[in-house]
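J.: Supplied in structure tokens, the structure appears directly below.
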């Protein structure tokens with residue numbers, strides 16, 4: 001219970017930083033778009049914009065806290081708490097970006113919060129894991145390998161066949177890519193969180209090759225998420241991007257967690 005409390009506090013602080021980062025990054029994208037090719041059109045001028053990097057720093061801090069939270073609490077408990085980031089981003093978008101949230105948007109945010117609280121209050125206990133190898137063995141189960149392979153194929157299909165034609169007009173295209181990649185990165189983050197937690201306790205997990213496989217997966221997934229989330233933020237209203245992304249990401253993460261930790265008999 002003490003570990004879960006630490007995990008919850010880390011997850012809540014993570015949501016505040018991540019929710020704020022959406023707004024700061026969107027502000028940076030607007031400034032960059034006025035000076036060069038916008039992100040939604042495939043441009044990377046935002047990489048020269050200090051405001052965008054400030055938003056990126058806020059996201060890094062939030063993701064670091066989120067990463068640490070996975071070492072102390074179940075993924076099915078940590079991920080839904082990202083609902084707080086919706087409130088933070090919606091309020092700041094209204095104040096800073098002048099993006100008005102209508103009645104249906106407000107209702108959607110409320111439903112996200114209600115659903116998240118329901119999941120958190122009824123989250124089942126997670127299987128106790130003693131090493132990164134044990135997590136890796138769970139990931140090697142046929143069911144989770146099937147989910148991972150399916151996710152990668154869908155991501156590739158969306159990137160090369162759907163995004164060029166519909167990415168700029170349909171918000172679900174870019175966010176589906178982000179969410180699928182995110183659900184895979186969460187599982188690797190869980191493994192890395194456990195690895196670091198055990199390493200600090202004296203059981204060095206950095207000696208295992210599986211740890212570095214997880215690091216590679218996280219890097220690839222995070223880079224993919226960052227690229228397509230920037231495109232979505234540049235093209236669509238932040239108050240819409242944040243809750244849609246949160247819902248898709250949470251659903252897929254819960255599905256991945258169920259497949260990985262439950263099908264194996266944990």
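All residue numbers here begin at 1 and follow the chain in the order shown.
Glycine is treated like the rest: Cβ placed from N, Cα and C.
Note that the coordinates shown come from a computational prediction; the quantities given were computed from them, not determined experimentally.
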J.: Quick check on the annotations: TrEMBL lists transmembrane segment for one of 27-50, 171-194. Which range is it?
T.: 171-194
J.: Decide whether the stretches the transmembrane segment (240-261) and the transmembrane segment (51-69) have at least 3 CB pairs under 8 angstroms, with pairs required to be 6 or more apart in sequence.
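T.: No, the stretches stay apart by this measure.
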J.: Before we move on, state whether the transmembrane segment (171-194) and the transmembrane segment (51-69) share at least 3 Cβ pairs under 8 Å, counting only pairs 6 or more apart in sequence.
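T.: Counting Cβ pairs under 8 Å, at least 3, so yes.
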